[in-house]
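A short worksheet on the structure shown next.
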Amino acid sequence: MAMDGIRGTPPGIRLIRSLRGRDWSLNTYRYVVLLLTFIAYACYHASRKPTSIVKSVLDPEPVHLGSNYPWPMGEVFIKSRGMVGNLTRSADKGWVPFNGKDGTAKLGEIDVAFLACYSLGMYVAGHLGDTLDLRLFLTTGMIGSGIFVGLFGMGYFWHIHVFWYYLLMQMIAGLFQATGWPSVVAVIGNWFGKRKRGLIMGIWNAHTSVGNITGSLLAASVLQHGWGWSFILPGGSIFLGGIMVYLFLAAYPEDVGFPCSNGWVSQEVEGGPKDEEAQIRKGGTAEAERSSNHQAGSMNRGGAVGLVEAFQIPGVIPFAMCLFFAKLVAYTFLYWLPFYLSQTEIGGEYVSVKSAGNLSTLFDVGGIVGGILAGYISDKLNARAITAASFMYAAIPALVLYRLYGSISKTWNIILMMITGLFVNGPYALITTAVSADLGTHKSLKGNSRALATVTAIIDGTGSVGAALGPLLTGFISTKGWNEVFVMLIIGAFIAGLLLTRLVIAEIQERTSIQKPPSDTLQQQSISVKINATVLTVGNRFNASGFCISTSFGGSKVIVNHGAKKIPVGSFGS
């Protein structure tokens with residue numbers, strides 16, 4: 001119980017235990033962990049959305065007719081109605097310093113500063129996440145994010161018109177935001193083994209889209225009361241989410257009494273009693289066993305793995321570089337798809353900016369399906385690299401078809417957009433979740449599970465650099481034409497798949513070697529096995545050099561007669 005007080009059991013869980021008089025089952029803890037981490041990262045994404053919602057208020061040129069509310073609060077499809085006018089910028093419109101001639105550039109600088117600090121902070125945050133208590137680390141990141149997102153909005157109420165203030169708030173917020181992804185993936189990796197990790201994380205990864213939609217709705221719902229509220233409301237939500245994480249999130253199974261081995265709950269526990277009543281029937285023995293497992297599990301975690309050692313884990317660098325290009329493609333769609341739709345004739349007409357934004361959300365819907373599908377397939381095949389590479393290669397014809405035929409009609413645009421989102425976001429979701437968790441518990445670590453957050457940070461941090469580079473390049477390339485932008489995306493998808501070639505070959509060789517017999521020179525022989533007084537004749541396939549018996553005979557003495565030779569094997573335990 002001493003260790004409970006030092007690092008382990010969250011105070012909310014201790015309170016629930018005392019009120020119920022008994023503990024939760026393993027499955028209940030897993031459901032709670034899934035729910036809390038889902039909410040936590042949805043809060044992270046919700047707090048990133050206000051800047052995109054208020055840009056038109058801070059820098060109001062051009063102005064379009066119609067409401068500013070996103071789907072489902074506004075219309076889904078409306079024809080382009082034209083502009084009210086190309087208004088002259090003046091001090092009474094927008095917000096200084098963003099309503100000047102360089103206002104758009106300054107808004108872009110804020111975005112780049114956020115992503116840069118987020119990417120760099122990811123590497124540091126990953127190592128700290130493996131060094132510190134994940135629950136406290138995640139709580140600190142969420143509360144810090146909430147504070148600085150809120151402070152950005154307070155610039156409205158404090159009448160701050162100095163650019164460096166908003167730039168600094170975004171940079172610090174980016175550093176705190178970097179704590180989120182390595183932490184939640186590490187927590188999930190601690191609680192779930194590899195068997196169904198891809199499917200579970202594929203479903204769980206929907207928090208990104210849920211957070212984006214929620215953040216948009218929250219920010220838009222209070223925009224008419226002043227743009228500062230659009231930051232304070234999402235900032236307050238992630239602040240409250242951090243308190244909830246502190247009270248109820250059990251980051252490590254051993255902190256609530258379950259033995260932990262190699263980064264996840266041991267198979268003995270997973271195969272044990274699944275209901276609370278069965279655990280209660282164990283009585284005092286179970287509690288004593290939990291107490292000892294608590295200390296043993298904590299000791300087995302080992303010291304935190306350094307960045308250099310994490311980079312040396314087989315597969316980390318190829319998957320990190322693959323994610324660089326996968327995120328380059330995905331985030332180009334995230335930032336530029338609404339603009340592309342508004343600039344492209346679809347079914348003989350142009351859609352408004354607002355309608356283009358509503359339409360672009362269907363790309364994320366396809367991405368949710370892609371993440372679940374990629375996770376399920378990778379679990380079934382037990383081949384993460386093959387699945388990720390296949391999706392990236394399949395994204396190439398999807399991109400070509402979307403560019404060529406997406407303008408035929410809205411129906412074709414929606415279908416091809418969702419298919420493209422499926423193949424683009426599928427491997428992106430798989431690599432940032434299941435692959436990161438797999439590599440963070442790689443066998444080369446020899447049981448040390450304190451690499452989950454570090455590995456996740458390396459992979460997603462590298463990917464985030466690509467996420468910043470893609471939209472930046474698109475801004476320059478799009479001036480030459482959208483065909484050139486799609487060529488860039490196709491090249492990025494191809495390179496992403498190509499970078500996994502070595503791992504794909506290794507997985508194919510591993511699967512074929514399992515199916516092949518251990519030797520090319522095989523003989524069908526009959527041997528007799530003497531167990532105590534009983535002689536059994538067993539027919540089996542053996543190679544020319546010898547054979548192996550792997551069956552356990554419950555303590556009986558075994559003698560193998562191979563032709564005229566009698567080979568004593570010894571005693572086998574049950």
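Using N, Cα and C of the backbone, Cβ positions are placed for all residues, glycine too.
What TrEMBL lists as transmembrane segment is 28-46, 136-158, 164-192, 229-249, 316-337, 357-378, 385-405, 411-431, 485-505. Annotation source TrEMBL lists domain 'Major facilitator superfamily (MFS) profile' at 35-509.
Residues 315, 318-319, 322, 326, 329, 370, 374, 377-378, 412-413, 416-417, 419-420, 422-424, 426-427, 430-431, 435, 482-483, 486, 489-490, 493-494, 496-497, 500-501, 503-504, 506-508 of the same chain sit 6 or more residues outside the transmembrane segment (385-405) yet have a Cβ under 8 Å from a Cβ within it. Most Cβ pairs under 8 Å with the transmembrane segment (136-158) belong to 28-46, among the candidate stretches 28-46, 316-337, 485-505. Touching of the transmembrane segment (229-249) and the transmembrane segment (411-431) is ruled out by the presence of fewer than three CB pairs under 8 A, sequence neighbours closer than 6 excluded.
Taking Cβ pairs closer than 8 Å, the transmembrane segment (485-505) reaches residues 315, 318-319, 321-326, 328-329, 332, 336, 340, 385-386, 388-390, 392-393, 395-396, 399-400, 403, 424, 427, 466, 470, 473-474, 477-478 in its own chain, all 6 or more past its ends.
Mean pLDDT across the domain 'Major facilitator superfamily (MFS) profile' (35-509) comes to 79 in this model.
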